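Record features, source TrEMBL:
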- 1-16: signal peptide (SIGNAL)
- 26-307: domain 'GH26' (DOMAIN)
- GLU151: active site, proton donor (ACT_SITE)
- 316-356: region 'Disordered' (REGION)
- 335-356: compositional bias 'Low complexity' (COMPBIAS)
Amino acid sequence: MRYALYLSALVASSIAISIPRTSPNVFSKRGIADLGLPADGLTTNCIAVGFLPSEGDSASPRYTMAQINSGLGAKSSAYGWYAQIRSSTFDGSQLLAVKDDIVASGAVFVASIMPSVNFNQITPEVAQQVAAVLKKFTDDGVEVWLRFAHEMNWYVVDGTYHGTSTDFITAWKNIYAANCKDNAHVKCFWSPNQAAAKDLTAWWPGPETVDIVGIDCYPRAGDDVSGNTLFTKFYQQFYDTYSAPYDIPFAIGETGAGDGMKEGWLKQLLNQDKSRYPNYVSMSWFEFDKEADFRIVMTDEATLKQTKDILLSGSGTCSKGGDTGNGTVTPPPATSVVATPPTSATPKPTSTPGTPEQGTCDWGCWGWDCSASVPCQDPWTCKGGYCK
């Protein structure tokens, strides 16, 4: 989670910016029906529900999707995991380490592959190495959403990524050509960090090389998670700019909320009118105790019960459009238009010394991302990119 999101709330304009359309009706392997989401996966209000299991490098232990599914009593539709490209050689070991659990889960694999090398080092050869790793999954029947260099607009600020937006787009196109073009089993998922739509224009690769769009947003402490206002502020302008004009599926690659906000935010994510957001297909929850305790399944019984009440009242197959499904939440009236978690593969704290009570620390806290320009709050210091 990017702590900058906790320092200032970005207020999205209700007017979407104009981005030129290029051959809007000539896109292949795009659409809700062919995204590879499991027919027996969890859906609520026609939204496929997935999780990013804790990797065991924070206050929460390592979870398998088998554990999450067992605790929830349902089958997750999406399985999120992280890996890094650290050099000109990518062997995918971080992804392959959890391959058995991914295959067994039957979920779409949302692979967030993060280049710590400069964008301009993601050559066609490196992109082919990524493709070789992902082929090991698709050969075993796994559908993949490749979330390459997610949150690129933020990570170049905090020093996780390196390079310009032009370099990013070149890297993206190399990844697309090697992995997603003419490959029905791998979709390229463009997923920046929370920002106004106009500020993302430089990072937009164009609809020809994007199969799914989404944006990473987390409520900050004190945000009102009742109703639909926050969903609108976070997602509506982005959806109207990058999904609706091109009929590209919209998915939330990761989100979550801390104590006192989980139930309201989860309801809000699933309480959307499908006639307003017909391309909204999926959301994935960050099942970690990291920076805050985001867990909604691998947690206390009261929270788990709330989660089940929201997610398990019904699921089903929904067609694109106004079908509201049979989830627990009631869609709003048709007139309603009402940061991201640190990733794996980098050293992170494994204990929580001095972790403050909820609400007493809202920036630069233990476990948060940091750099020379993004400091930590006392008593923590920046070590290895994280406040410790």
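Cβ coordinates come from backbone N, Cα and C, glycine included.
In the shown protein chains, 28 other C-beta atoms lie within 10 A of the C-beta of GLU151 (active site, proton donor).
For the domain 'GH26' (26-307), the predicted model reports an average pLDDT of 96.
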